[in-house]
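Chemist: The following feature annotations were taken from TrEMBL:
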{"type": "ACT_SITE", "residues": "E47", "note": "active site, proton acceptor"}
{"type": "DOMAIN", "residues": "53-287", "note": "domain 'Radical SAM core'"}
{"type": "BINDING", "residues": "C67, C71, C74", "note": "[4Fe-4S] cluster binding site"}
{"type": "BINDING", "residues": "G119, E120, S151, S173, L174, H175, N249", "note": "S-adenosyl-L-methionine binding site"}
{"type": "ACT_SITE", "residues": "C292", "note": "active site, S-methylcysteine intermediate"}
Amino acid sequence: MTNVAKSLRERLAATWVIAWPRIHTLQESTDTTVKLLLQYADGALVETVLIPEKDRFTQCLSTQVGCAMGCTFCSTGKMGFLRNLTGGEIAMQVLVARDLLGQQGKGDRLTNLVFMGMGEPLMNWPEVKRSMEILHSEHGLNFSRRKITLSTCGIKKGLQEFAKHGLALPAISLHAPTQELRKQIMPGAARLPLDELMALLESYPLQPRERVTIEYILLGGVNDTPQHARQLVKLLARLKCKVNLIAFNPGPGIPYKSPTREAVLAFEQILWDKGMTCILRKSKGQDIAAACGQLRAKADRSGS
Ligand code: SF4
């Protein structure tokens, strides 16, 4: 920055660090999803995923190194919790991705961000908020609220704070229609009882055309029966929401299997028949373990 005074440059250099994470590993799926393993200055590793959608990209961001919530279907949960990322470290994932796309002449095609990668964002809310402020600011990356989604398994205090700031749209990792089943497959998240979570969501301040996104991973033989679908309809009856159904992606050491095609279609049909908006999400990046629940930052031995 030779256009600022030398004394200011010295002061800036003494106070601030400009250090992007380095791309440790880049993997590209046959469906063109790209997964980056990023390494920060202290050696911490996280994954971020670029998901292609027609002529644009959505980036899935990580907020923690590992995660303490211990959801039983999730590879990140298996890692345990190592540390929180800072707001700058989270925002830098976007800079790295934009730079990478820019090298292919696609820098302006990164249009949507989802806080849905490694970590529970609301367990690191102060830093996630800082990253969102950077991402929103017209002096920063200039993403609008409508283009950012924060996915959480439901942390009471974090949800209340998040609702106050309105920096992004909420998505809830629900994955079970009853407290009992949720406790079994999401023991950390189930510390907030399901009825309290629903009450918080029903009072969430939304703009007229906005809705809460409900994420539901279908685990073969566990939460994918017609009875579960009917329980889900009942649970969500009062909530302004849309449901994303995702068929589980098997991962090493995860004790679940994919649902059958028939079970997925029957589940979806019950939701539609009851007048719910429901989208069957196509899993992307499965062959490079970049799909939902598969992120697990791990360097191979050739890495440094
Ligand atoms: S699903 Fe989300 S909250 Fe649950 S263990 Fe995985 S990263 Fe953590």
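Including glycine, each Cβ sits where the backbone N, Cα and C put it.
No curator has checked TrEMBL annotations; they are predicted automatically.
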Chemist: Rounded to whole angstrom, what's the largest C-alpha distance between any two of G119, E120, S151, S173, L174, H175, N249, listed as binding S-adenosyl-L-methionine?
Modeler: 20
Chemist: Around ligand 1, within a Cβ distance of under 6 Å, which of the binding-site residues C67, C74, E120, H175 show up?
Modeler: C67, C74, E120
Chemist: Return only the integer: C-alpha distance in Å from C71 ([4Fe-4S] cluster binding site) to G119 (S-adenosyl-L-methionine binding site).
Modeler: 11
Chemist: Would you kindly give the Cα-Cα distance separating G119 (S-adenosyl-L-methionine binding site) and E47 (active site, proton acceptor), rounded to the nearest Å?
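Modeler: Cα-Cα, rounded: 11 Å.
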Chemist: Within 10 Å of the Cβ of C67 ([4Fe-4S] cluster binding site), how many other Cβ atoms are there?
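Modeler: By my count, 27.
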Chemist: Could you measure between E120 (S-adenosyl-L-methionine binding site) and C67 ([4Fe-4S] cluster binding site) for me? Cα positions, answer in whole angstrom.
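Modeler: About 6 Å separate the Cα atoms of these two residues.
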Chemist: As a test of reading the model: what is the averaged pLDDT for the domain 'Radical SAM core' (53-287)?
Modeler: 94
Chemist: I need the least crowded one of these binding-site residues (S151, S173, N249), counting other C-beta atoms within 10 angstroms of each C-beta.
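Modeler: Lowest Cβ count within 10 Å among the binding-site residues (S151, S173, N249) is N249.
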Chemist: Out of C71, C74, L174, which has the highest number of nearby Cβ atoms, where nearby means within 10 Å of its Cβ, if these are the binding-site residues?
Modeler: L174
Chemist: Other than C67, C71, C74 themselves, what residues in this chain have Cβ atoms within 8 Å of the centroid of the [4Fe-4S] cluster site's Cβ atoms?
Modeler: M69, G70, F73, S75, T76, G77, K78, E120, C153, M186, G188, G293
Chemist: Helix, strand or coil for E47 (active site, proton acceptor)? Use DSSP.
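Modeler: Reduced to three states, the DSSP call for E47 (active site, proton acceptor) is strand.
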